[in-house]
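Marked as domain 'BPL/LPL catalytic' by Swiss-Prot on the basis of sequence analysis: 50-234. Annotation comment: Swiss-Prot describes ARG88, GLY89, GLY90, GLN91, ILE92, THR93, TYR94, HIS95, ALA163, ILE164, GLY165, GLY176, ILE177, ALA178 as substrate binding site. Taken from Swiss-Prot, the feature site 'Lowers pKa of active site Cys' covers LYS160, and the record attributes it to sequence analysis. Per Swiss-Prot, active site, acyl-thioester intermediate is recorded for CYS194, and the stated evidence type is sequence analysis.
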Amino acid sequence: MINDRETIDLERLSLPHGAPAVVWQISDSPVAYPEAVAAMEVRAAAIAAGEAPELVWLLEHPPLYTSGTSAKPADLLDPRFPMYPTGRGGQITYHGPGQRVAYVMLDLKRRRPDVRAYVAGLEQWIIATLEHFNVKGERREDRVGVWVKRPDKGPGHEDKIAAIGVRLKRWVSFHGIAINVEPDLTHFSAIVPCGVSDPRYGVTSLVDLGLPVTMQDVDVALRAAFEQVFGPTR
């Protein structure tokens, strides 16, 4: 079956030539989740008011779980880390060291006020990033995020390598994506990641796939791929 998100025209997700470039910011130290959410709320409001430029914020969190608007309490199997309810879409996910989180604050009213197109754009951004490391990421119609096939684990097995969760206020996006670079994958065993309980579907990372990449390598690839989909950064 063709995933209908693959057929969405992404061309209009970028701003016209000459528009201000997106600010690209990287935090070197882990950022507490409540601090990150508060900062996103402030920045998104400022973008909506025309008082601040768009922003992509790359960071890592200390170990924690977040629950989206579709989360089921039963999907938290072992509450070994703090759990934070959040207004993003999706279910329960894990964030922690070794995972590159990218919070994306874009004015979709100026770009394209279409949530499905925006999510497809985030997926394409991740897929293009993975291509830098010769990893084939794929969309799935019934599973949000980006997946890689794992024939080494058996027929039909796939692992999730990146998660997506978004929220919009006044057509400004926040929250965003998370790519597994080298997290402790055992931390995912305490939840049903994103509500997917089928044993054929697991979680992986770039390092788990045998790629000796660093967070800095991923950041370079993320920036190049972002500019392909959403336009220039500064």
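In case you wondered, yes, glycine gets a Cβ from its N, Cα and C as well.
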The domain 'BPL/LPL catalytic' (50-234): mean pLDDT?
94
Rounded Cα-Cα span from LYS160 (site 'Lowers pKa of active site Cys') to ARG88 (substrate binding site), Å:
19
Assigned conformation of ARG88 (substrate binding site) - DSSP reduced to three states
coil
Cβ neighbour count (10 Å, all chains) around ILE177 (substrate binding site) is 23
Are there any residues in the same chain, six or more apart in sequence, whose C-beta is under 8 angstroms from the C-beta of GLY165 (substrate binding site), and if so which?
THR66, GLY68, THR86, ARG88, GLY89, GLY90, THR93, HIS175, GLY176
Which ones in the same chain are close to TYR94 (substrate binding site), with CB under 8 Å and 6+ residues apart in sequence?
PRO63, LEU64, TYR65, PHE81, PRO183, HIS187, PHE188, ALA190, ILE191, PRO193
Around the C-beta of GLY90 (substrate binding site), how many further C-beta atoms are within 10 angstroms, looking at every protein chain?
22
